[in-house]
Structures are given as structure tokens and as C-alpha cells.
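Peer 1: Mind having a look at this structure? Questions to follow.
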Amino acid sequence: MKLQINAGPLKGNVTVPGDKSISHRALIFGSIAEGKTEIKGLLKSQDVQRTLVALRHLGVTIEESDQKVIIQGKGFSGLTAPDSPLDMGNSGTSLRLLAGLLSGQDFPVQFFGDASLSQRPMDRIVIPLREMGARVEGQGPKHLPPITVLGSSQLTAINYQMPLASAQVKSAILLAALQTKGQTQVFEKAVTRNHTEVMIKQFGGEIFQSGKEIRIIGPQTLKGQSLTIPGDISSAAFWIVAALIIPGSAISIKNVGINPTRTGIIDLVKKMGGAIELTDRDDINQSATIHVSYSKLKGTRIAGEMIPRLIDELPIIALLATQAEGTTVVQDAQELRVKETDRIQVVTSLLRKMGADIEEKTDGFVIKGKTELHSCQADAFLDHRIGMMVAIAALLVKTGEMILNGEEAIQTSYPQFFKDLESLQHD
């Protein structure tokens, strides 16, 4: 599509869709809890729909309306074998979490996905789940999808040292551990988003955490709950960056999740000199309104334990860095290479095509700013965050037309993205 996006400031208020990570987990926990779960604010997107449909195939009754989703929980013992392989589409979260869950069930399940998901390594979940006693098989040494899981109701508790920082791998182990007799311990390489741990407690379960060590004793029984899901800070990040880099912009993003394991971008913006403020804090739902406006920014270094707190925001942060004075260095982010696409390679290629001074590194990039960007033809590469990064970059282009191919990838996490963009341009 040709991006008919006019340069000019963004102004007004916007509410981003429900948090994608929490939405997946809310559906799963509502299904394995006993009794009714009511969810408000669930993200209605392609990825989350994959999890919802898969749970229905596992025998769970889920009713959807405009305002809420109601799940009649089956408990762990109430899940049933699906009558066909489960289609995960583009959703690595769906596959990894459901594989962990179904490792504790006594029936076989096959998972498959689209071309992008079929290139994403699943060895990271295969190894610990096999150690617990499940039979898990993928394709080749990296265990690419399709994946077959033959679980067991007699899994063994393990002590597992995580070789990489991954909330999805951690969550897969914890979902299996909830069904496993004895104490399972997980030692994280770096602290990652803790939505699974929070949700275990919300649903009446017990989990113990001290720094990077997590302990869980199973088996456990969970009880249905009422949940309200805040807006996704990873989606809000696109408006945060747009407001910071487009002169005259000032926007407020309402009801955004501010779980401390996810707010790396807020800390980063402050470090770079950006004008950002939080109001209307809700400590129960861990949400707030984020106010952000155009700012003169300076380059910085992003590395170490900051990376897991903003891993999904790094494509749009790279665009932000092109508009900051000085050098920005991103290190320790090699996980970007196994996302929906190789985000290090793709971000470097696209921003360089637009005129940015960016150098690709094994584990990140080096970006020198500030640079003026120009129009080009770009592809989303089946990656929603790449598609939205290109759309925000188009706001900076003063001449020519930006063309984005594969914009439908944005449906993965933010179906009303272009509608919200138009609203902020005409507020």
C-alpha cells in the first residue's frame, strides 16, 4: 500500500489495544482454572485469536462479546485432545505457552504455523519440557515447527538454568510445573516480563520469586477470576516515539500497562532527554496515562538487563535513535534475530534505505544521528512491529511516497493502528 501519511504533528488522546502478552495468558489461565473467568480489555488480534481458537479445540467454552470474554474453566483435568493439528499462524507466544501447558496432558498434539513461525527455533522449549518427561519433537536440530507434543500427567519437577532471557520459555516451564508433583525451580539469565507469575497469583496459585530464582510447587488448582487487561506498552511505544520525533507533537496514551518488567522504554526516553510523564496511576491493574511530547534527544547505550525490558520495542527505538543527536549503541539483543523476522538485519536494511546512518552488529546496531529520512519502498516481512515502524518513519518523510508492502502483518497486534494514526493527525 502507498502510505498516505502527511508530515505534521500528532496531537490528542489515544487508547491502545489490550496487552498482547497478558491477553494470551488470561485466556490460558481462564481455561485451566476451575469456574468462570471474565476478561475485559482482551486484545482482539490475529495472534490472540490463535490462542482462543486453540483452547476451544481443547474443549474449552469461550464466549466473546464487544465488552468482555467469558471462559468456562475446565481445570487441568478437563482439557480434551483436539481433533486436528492446532494452527498457530504467526504466534510464537501461542505455540510456546500451549506446548508447555499440553506437556502435562496425556494426549498428543501437533502445532504448525505460517512461513515466519516455521523458521523460529523451538529447541529452547523442547529441551526443558523433555527434561520434565514430555516427548516433544520439531524439525531439524533447532526443532522448527511443526512441533508434536506427547505429554504426560506424570511429569518430573526440574531445576532449570535458563540459557537465555525468555519470558515465553519461562512461562512454558511454569505451565508444565503447575501440573507436576514436587518443586520446580527456574533460574533466569536476566529478569524477564513476569505476567505468568502475576497471573498464577491472581488465579489463586502459589509461586515464589527471589531475584532471578523462581520456585513453584505442584500440582496446583486455580480458580476463575475477573480481569481487566491494560493497554499494551509495546503498541504505545509507536506513539511515544512518534510524538518525540515529530516537531509540535503532544499526545496522551490512556490506560497503558506499566508492569516494571515492561517499562524499559519509559526509562530509556527519560535517559535520552525526552519529555514523558505518567499520571492516573492504577496500582491494582498496573496501568497509567502516558503523556509525551516532541523533544530534542541525545544518543545513549542500551544493553544488559535493560534489553529484556524493551526487547519488543527495539525496532521503533532504532527509528528514535536516528533522530537523536550523537551515537546510540544497542548490544546484547541477539534475541531479535529469532523474532517474527531477523529484526537486526531487517531494521538495519530498512533504515539504511531511508538514509539512516546505521551499522549492523551481531547483537544489535550502532546508529548515528540526527539524520533526515527519505521515502522508499519497504516490506513488513510478515512482522507487525516492522510494519508499524515503517508507518511512523513515513511521518518524517518530507518528499516522495513511502510504500509499505505486507501491511496486513500489523493485524497481529494492533488492528486499528491506521485508524488511530489518522485520529492523532486530525485531532
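One is the number of the first residue shown, and numbering goes on along the chain from there.
The backbone N, Cα and C atoms fix where each Cβ goes, glycine too.
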Peer 1: Please pick, from Asp312, Asp363, Asp379, the residue that Swiss-Prot records in the 3-phosphoshikimate site together with Lys20, Ser21, Arg25, Ser166, Gln168, Lys339.
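Peer 2: So, going by the record in Swiss-Prot, that would be Asp312.
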Peer 1: Return the residues near Lys339 (3-phosphoshikimate binding site), defined as same-chain residues 6+ apart in sequence whose C-beta is under 8 angstroms from its C-beta, sorted by sequence, else 'none'.
Peer 2: Gly92, Arg120, Asp383, Arg385
Peer 1: Is it possible to get the count of other C-beta atoms within 10 angstroms of the C-beta of Arg385 (phosphoenolpyruvate binding site)?
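Peer 2: Step by step: centre on the Cβ of Arg385 (phosphoenolpyruvate binding site), count other Cβ atoms within 10 Å, giving 28.
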Peer 1: What does the structure give for the C-alpha distance between Gln168 (3-phosphoshikimate binding site) and Arg343 (phosphoenolpyruvate binding site)? Integer Å is fine.
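Peer 2: With distance taken Cα to Cα, Arg343 (phosphoenolpyruvate binding site) is 18 Å from Gln168 (3-phosphoshikimate binding site).
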Peer 1: Just report the maximum Cα pair distance in Å for the recorded phosphoenolpyruvate binders Lys20, Gly92, Arg120, Gln168, Arg343, Arg385, no decimals.
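Peer 2: It comes out at 19 Å between the most distant Cα atoms.
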